[in-house]
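The next block holds one structure in the form of C-alpha cells; read it before the comments.
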Protein chains: 2
Amino acid sequence: MAVVDQAPVPDVMHKPRSHSEFEIIRRFFATPNLSFPREGIELGIGDDAALLQVPPNKNLAMSMDVLISGIHFPLDADPSLIANRALAVNLSDLAAMGAEPYCFTLGLVLPHSDEKWLAGFSGGLEHLARQYNCPLVGGDTSRGPLSISIQVQGLVDNNRATRRSGANVGDKIYVSGTLGDGAIALLALGLDSHLGSEFSLAVSEPSAACRQYFEDAYFKPQPQIGLASAAGKLFSSAIDISDGLQGDLQHILDASEVAGNIRLGAIPYSKSAMCCVSPENRLRAALFGGDDYELCFTVAEKDCVEAESIAKALGVSITCIGDINAGEGIDYLGTDDSPVEATEQAFQHFSATT
Amino acid sequence: MAVVDQAPVPDVMHKPRSHSEFEIIRRFFATPNLSFPREGIELGIGDDAALLQVPPNKNLAMSMDVLISGIHFPLDADPSLIANRALAVNLSDLAAMGAEPYCFTLGLVLPHSDEKWLAGFSGGLEHLARQYNCPLVGGDTSRGPLSISIQVQGLVDNNRATRRSGANVGDKIYVSGTLGDGAIALLALGLDSHLGSEFSLAVSEPSAACRQYFEDAYFKPQPQIGLASAAGKLFSSAIDISDGLQGDLQHILDASEVAGNIRLGAIPYSKSAMCCVSPENRLRAALFGGDDYELCFTVAEKDCVEAESIAKALGVSITCIGDINAGEGIDYLGTDDSPVEATEQAFQHFSATT
C-alpha cells in the first residue's frame, strides 16, 4: 500500500454546511437526471435520511467502496471518468452477489468547489445511474482531500444471493471477460503499478487503439450485472476480481473450505494485453494485478452448458479456467496439466535471479 | 468552509488490498463485539455485499455522514472519542426520522496502520453499536488522509417516518436538550470556531467540570433515539440540529412551506454554557454554531401535553421555543414577544461596530 501523508489541518474546526454546499447538492446531485424516481424509493435527497420500501420477497444487498485520489484514480483524470469508475466498481460488487442495482449514496470530499469538475463528475454518475436504473438517494459532501465513498444498494430474491461460500468439490471455475487489463492499463496510462519494475510494457508505445482500450478498461469497467442477473442462479459462488484472480479466488476457496486449480493456459486475455505485454507479465497482471472487475464464479458441472449458453446469448465471454477440488489452496497447472509455480514468491524469485 | 490542501500523490496507483488490510478488518472490525448478529441481518462482513431482510411493514432509512480529520474532529483526539462522535452524528439522523437503528457500514481511510489507534477506534464504535443494537455489517478501508464515512441504516414503520415537510400552521416548535454546546465546546477545547473572533469564552479558563461537560458534548453527543422512538409519532416534522438552529429550522420551514418564530428567551442552555460564555455568544452558538445533534421538531398544539409527558417520563428535556405560522422565514422574538434582529448579518453588524 502506498503511503499518503496526513492532510493538513485547516484553519477552523466546524461542521455547519455552507450555502455553497447546498447549492452544489441542488445543482449537481439532487437533479432529475441523477436523483430520479424509482419504484421502492419513498424519499431521496433532501431529508435527514432516504427512505426505501424493500419488496418483501427481496434481500437488500449493500456494498461500500472508498476511492482516494492518487491511489484509486489519478487526481487529474477527467471527472466524468472518475465518477464512472467509482460507481462501476461498486456495481461490480452487486453483480458478484447476483443483485439488481437499486440506488446509491455518495460521500464526496472535495478540496474546493469547481463547477466544471462537478458538472463532469455528476454527468459521469448520471450515465451509469440511468443505465442501471440506480438513482442517487443521499449522501454527504465536505471539503478535504479528494475522495469518493459510494454505497450501492441492490435487490436479490430472498436467500438467492450468490455468496463466496457456496463452491462445491467438482464445480468448474469460470471468469468473465478478460483478465489483467486493469493492471496493464496503469502501464499504458503512464501510471505506476505495485507489481514492481519487471512489470512493464513489451512495446515502447502502445498503439492509439490499445491505449484507448486500456483507458476504457481502467475508467469504464463493465460491471457484469447482466450476466449475474441472467445466469447467477447457476453460480454456486462468485466474487468480483478487484484484487487479482489469485487473492479473490482464494476468498472463495476459504469461504467454501475447498481447493481449486487454475489452468494457466486457459486464462483469457484481451487482444491489447496480448499485443502490449509479455506472457509472463500478462499472467502476473491477471493473478496479482486487480482492478479487473470481472466475475470469478463456480458452476456445478451439470449446469455448465446452460451457463455458457446464457452467456453466449448475452454476448458476454465466460471462460472455464479450472476446477474445485477437496483440500485447500490453489494449484496452478501448465501445459499438459503439469504443476507450475505461479505464486507471487515465484515471480519475485524470477525477478531476483534475472 | 475551511480549505484543505490536496493529498499528496503516493508512489503507486493500485487497489489490491494487502494482507494487513484483511488483518485489520479481521482483528478490529469483523469482531463479535462490533459485527454481532442481529435479527434481519442475513450476512455481514466478509462477502462482496451485506444482505438484509427488511421487515415488510418497515421502511429502511439510510443516512451517510463523512467526517474529515481537522474539520469534523481534531486529528490528535482519542480514537475512541472520534469513533463515538462519528457514529453518534449518524444515529442522530435516524432519530430525526423516527427510525430505530438497524446496522451501519464504515469507510475508514487511515494514513498508516496503528494498532493502538485501531483498537481505540473499534472500541468506541462497539460501545454505541451495542447500546443501539446496531452492528457493523460492511465497508471498506484504504490508506490516505484520515477520514471516516459512516452510513447508518434504520427501520421505521411504513409511511410513519418523520419528515421535514410535515409542519403545519399552529404547530409548536420544540428542541430537545440544550443548544450551543457543540460550538462552545470548540472554544473550551481550544479549537478554532468559524463563528469569528467575537465568539469567545467569557472566562479565562473553564472549570474542569465545564471542560469535561463540553468534551462530552463534542465527542459524545447523545442521539435522541429514545425520544424519537417514544414520542416521534406526535412530531409533525423533525430535523437534527447539525448546522445550527437557524439553518436547520429553516429546512423544516422550506420543506413545509410555512414560517416560524423563535422566542429567543426560551432557547435552552446548559449550566456550562451559562457559566462560560456571554448571553450574546450563547445565542450565536445556538443559532449558527451547529454540532448540537439535538432534535428540532414540531408538534400539533393538541399533542403538546402528551409529547411533554412522554419526554418527562424518559428524563429527556424538551422545550417549546416557538410557533409555526403562515408565510416564510423565521421571526425572532425578544422579551414581551417584540421582534428582534438575530440574524448572522445582525451579529456581523454588531461585531463590525463594536
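Just so it is clear, glycine is given a Cβ too, placed from its N, Cα and C backbone atoms.
TrEMBL labels come from automatic prediction, so no person has curated them.
Using a 10 Å Cβ-Cβ cutoff, B:SER63 (Mg(2+) 4 binding site) registers 28 neighbours. According to DSSP, B:SER63 (Mg(2+) 4 binding site) is assigned to a strand segment. Residues annotated as Mg(2+) 4 binding site in TrEMBL: B:ASP48, B:SER63, B:ASP93.
Per TrEMBL, Mg(2+) 3 binding site is recorded for B:ASP48, B:ASP93, B:ASP240. Sequence-distant neighbours of B:ASP48 (Mg(2+) 4 binding site) (same chain, 6+ residues apart, CB-CB distance under 8 A): none.
When Cβ atoms from all protein chains are considered, those within 10 Å of B:ASP93 (Mg(2+) 4 binding site) total 26, not counting its own. Taken from TrEMBL, the feature Mg(2+) 2 binding site applies to B:ASP65, B:ASP93.
If you look up TrEMBL, you'll see B:ASP65, B:ASP140 marked as Mg(2+) 1 binding site. Other C-beta atoms found within 10 angstroms of the C-beta of B:ASP65 (Mg(2+) 2 binding site) number 23, with every protein chain shown included.
Under DSSP, B:ASP291 (substrate binding site) is assigned to coil, being neither helix nor strand in the three-state scheme. Here TrEMBL flags B:HIS72, B:ASP291, B:PHE347 as substrate binding site.
In the three-state DSSP reading, B:SER242 (ATP binding site) counts as coil. For B:SER242 (ATP binding site), the same-chain residues lying six or more positions away in sequence with a CB closer than 8 A to its CB are B:VAL89, B:SER92, B:ASP248, B:GLY290, B:ASP291, B:ASP292, B:TYR293. Summarising the annotation, TrEMBL assigns ATP binding site to B:GLY139, B:ASP140, B:ARG164, B:SER242.
The Mg(2+) 5 binding site annotation in TrEMBL covers B:ASP243. Applying an 8 A CB threshold to same-chain residues 6+ apart, the list for B:ASP243 (Mg(2+) 5 binding site) reads B:GLY290.
What TrEMBL lists as domain 'PurM-like N-terminal' is B:46-156. Across all of the domain 'PurM-like N-terminal' (B:46-156), the predicted model scores a mean pLDDT of 96.
For B:169-329, the entry in TrEMBL reads domain 'PurM-like C-terminal'.
Closeness to chain A is evaluated for the binding-site residues B:ASP48, B:ARG164, B:PHE347 by Cβ distance, with values under 8 Å counted; counted residues in sequence order are B:ASP48, B:ARG164.
Ranking the binding-site residues B:ASP140, B:ASP240, B:PHE347 by Cα distance from B:SER63 (Mg(2+) 4 binding site) puts B:ASP240 first. Cα separation, B:HIS72 (substrate binding site) to B:ASP240 (Mg(2+) 3 binding site), rounded: 16 Å. The Cα of B:GLY139 (ATP binding site) lies closest to that of B:ASP65, out of the binding-site residues B:ASP65, B:ASP93, B:ASP240, B:PHE347. Using a 10 Å Cβ-Cβ cutoff, B:ASP291 (substrate binding site) registers 27 neighbours. The secondary structure of B:HIS72 (substrate binding site), as reduced to three states from DSSP, is coil rather than helix or strand.
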